[in-house]
């Protein structure tokens, strides 16, 4: 690694970092490369297909699917912030990342993760209105309200990135510069600091609790009302549709929030570098793959739109051959 830095005592500022990777002692690097590449390609393709289907099919021009298209967009950007660097490092056999590159990755990761936290919370409000106040749904979830929800999610994530990134990256880092992780995540970076970061870690802990608590409170309140409404439904078909719609959202929320709570809320005694990397890989690499699959496989509207699009493509292809 080439260090481009100002040397201050026993630490250096603005030098390159060295990412040790997902598995430091991996005996099958090409197998790992192929697996991560496969997940990355499928994630990008499935989320892109979701966005295209929601855009071209008029039946999906509803608030719920508009929010889903934003979730897919966040997942595309989210996984693209981390995985391409991993794949290039695996091919070239180098792990270096510049101070500027690490800062940019850190900022984008925090912004996109925070935006997804808020969006998942606000999506539960959409489900609450659709099930508990269906007659007022066009008013309560108008196009303007949807735009405000999306704007609030992106704004909340951006504030998180703008607040935490400058503080994290201003700490002096020790001369080893080796990040025992596969990307520039906050806890892994703070371990390299030559100064006491306990005050900042406490402030970050409170910030993360708030970021998790606010969306989780909205989700809890929404689904409590939804469960009460579903319990009172007399039609079995109505219950089935409500449960099917909400269960998909709850699966995504449980996976994403559960991993985030482990990383940023549990005490240090529960953490090891191997566990941290495995959990981070789950919500940075696997979650963007699972989100579109969970929503599409359990949603008849999406599968119907996909079948319609495929039939159009096949029919147009058949016609063009004559």
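In case you wondered, yes, glycine gets a Cβ from its N, Cα and C as well.
TrEMBL labels come from automatic prediction, so no person has curated them.
The transmembrane segment annotation in TrEMBL covers 28-53 (among others).
Residues annotated as domain 'G-protein coupled receptors family 1 profile' in TrEMBL: 46-295.
Here TrEMBL flags 65-87 (among others) as transmembrane segment.
As annotated by TrEMBL, transmembrane segment applies to 107-125 (among others). If one looks beyond the transmembrane segment (107-125) by at least 6 residues along the same chain, the residues whose Cβ comes under 8 Å of a Cβ in the stretch are 64, 67-68, 70-71, 74-75, 77-78, 81-82, 149-150, 152-154, 156-162, 164-165, 183-186, 211-212, 214-216, 218-219, 222-223, 249, 252-253, 256-257, 260, 284.
Positions annotated as transmembrane segment by TrEMBL: 145-164 (among others).
Annotation source TrEMBL lists transmembrane segment at 202-221 (among others). Beyond its flanks by at least six residues, the transmembrane segment (202-221) meets 114, 117-118, 120-122, 124-125, 128, 156, 160, 163-164, 186, 253, 257, 260-261, 264-265 of its own chain at Cβ-Cβ distances under 8 Å.
Residues or ranges marked as transmembrane segment in TrEMBL: 242-266 (among others).
Marked as transmembrane segment by TrEMBL: 278-297 (among others). Sequence-remote contacts of a segment are chain residues at least 6 beyond its ends whose Cβ falls under 8 Å from one of its Cβ atoms, and for the transmembrane segment (278-297) they are 22, 36, 39-40, 42-43, 46-47, 49-50, 68, 71-72, 75-76, 78-79, 82-83, 109, 181-183, 185, 248, 251-252, 255-256, 259-260, 262-263, 303, 306.
Note on the transmembrane segment (65-87): residues 19, 21-22, 33, 36-37, 39-40, 43-44, 47-48, 50-51, 54-55, 97, 101, 105, 108-109, 112-113, 115-116, 119-120, 122-123, 126, 146, 149-150, 153, 182-183, 284-285, 287-288, 291-292, 295, 301 of its chain, located 6 or more positions outside it, place their CB under 8 angstroms from a CB of the stretch.
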